[in-house]
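To start, the structure itself, in structure tokens.
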Ligand SMILES: Nc1ncnc2c1ncn2[C@@H]1O[C@H](COP(=O)(O)OP(=O)(O)OP(=O)(O)O)[C@@H](O)[C@H]1O
């Protein structure tokens, strides 16, 4: 509720007009029966045609104003609800942008998607109901009740008898629907998770003919979602007939009692008609107000989930007034760095890593899978923070930098090349938004991507499909490398970025990068010894420990781990034996 209130109060002007429309609408709705009763008890009873005509015209004007009020109410209400949900979505999106990897893993990507989309939508539905029904019904109820008592206190007493039953029903439904709503949203998250995994892994699923298994997996979660939704809807829909039964019973009883009073001459016909209208408004308002309570638990669950995501603080914090400029560019030093993933403090993935690199140098990392290579280089742009020790970039601890300034120094090409939907130009400009087309083409050339880019009919304006699916794995890798080159960073980080390239392209690419990066530091993670043989320094990792540092030739002699890797990939001549 705090969340909804916070965002709703940002629309104070619209709220005021919303309130005015509600108020006007109530006066009109309750004014009409009063006019009708006047028409019958004065005009019809005295056969006064002129009076009947006059009241009729007034009623017509009141109806027109009522329609206008209703239309305006719809307008203000939808403006507020769309403003509120758009702001929630935008703020949540911005918050998520600031998350470090840890928070994405903690909350889960599918759950975050559901929070930004479906949870925000649930809030919109609730707000629509709240701003119309929630504002209108309490006022309408009280005003109708006053009119009821004023018109006939004895008949009004029957309404008061029915109210506690209605109240008990509303409270019971609110209580039962809360856990059901929670369950439904949780199942919706799981459904999203499976769907996302399935769609992104469609090729693998087909290649392994695993469609049936996937359908079963999806079916199970879908059934659970269906069951929880069914229970919730069943509860909601069973409430309505119950309310209507009570409603109609009270009405029938009042008409019966009213008829007796008319017969006895203690009540006029017009008054009974107006009375029935007031009762209708009072009970109907109460019933409609109960929908707020029914919808609230669902919206509250969604609001809590959004609030939780808003309150989640990234473990990587940007230092206030962090360093933005340095005297040198491209110097890197790891000083006794130990790192364990959050929540796994007992099992460090990197232990006591110490090494350095300077501009003009290429430093490579090799080791078996899972030895910690990707983890180690992710510590440099602060995707994670070290557990112990420090990482210095140009003599400054990475934690003392303004994060944007630190990352601006780095051209990071991740293991899995990521392209975004949009044009090729837009993708490359991620590296440097001010780069000219000439600079983009030069980066493409360095990344050995000219051959296929030159064949694209639309050149830099070529549309890239979602996830870059209209490019091959090797083409995507080269475009991701071109994007890093566009930045002309001080520090290049290639995380196994050449793995999808053939040997010849790999060699040409490294040769060009060597030439173009004489003033920059290049870090290369690779599985292929041939990719890193020429590096100035190779760092060998084994289960998170640095077990060898040296050139290819030195390591062949000094590191058995390196020798084993090299001898499994190179011929005897290449090994110099
Ligand atoms: N987000 C994470 N949370 C917990 N543990 C992780 C996480 N990411 C990686 N690990 C663990 O850290 C260790 C090192 O993984 P890392 O990806 O750094 O290895 P790598 O040497 O780059 O492997 P590869 O060559 O296969 O890419 C592995 O044991 C892995 O299971």
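Backbone N, Cα and C atoms are what each Cβ position is placed from, and that goes for glycine too.
Quick caveat, the model's predicted, so the values are computed rather than measured.
In TrEMBL, the transmembrane segment annotation falls on 242-260 of the listed ranges 223-241, 242-260, 299-317.
The range from 90-109, 110-129, 130-149 that TrEMBL describes as transmembrane segment is residues 130-149. TrEMBL lists transmembrane segment for one of the ranges 12-35, 180-203, namely 12-35. Mean pLDDT for the domain 'ABC transporter' (332-568) in this predicted model: 90. Across 12-35, 130-149, 155-174, 242-260, 272-296, stretch 12-35 shows the highest tally of CB pairs under 8 A with the transmembrane segment (55-76). Long-range neighbours of the transmembrane segment (12-35) within the same chain, counting only residues 6 or more positions beyond its ends whose Cβ lies under 8 Å from a Cβ of the stretch, are 55, 58-59, 62-63, 65-66, 69-70, 72-73, 76-77, 79-80, 83, 131-132, 135-136, 139-140, 143-144, 147, 273-274, 277-278, 281. 130-149 is the stretch from 130-149, 155-174, 242-260 with the greatest number of Cβ pairs below 8 Å to the transmembrane segment (272-296).
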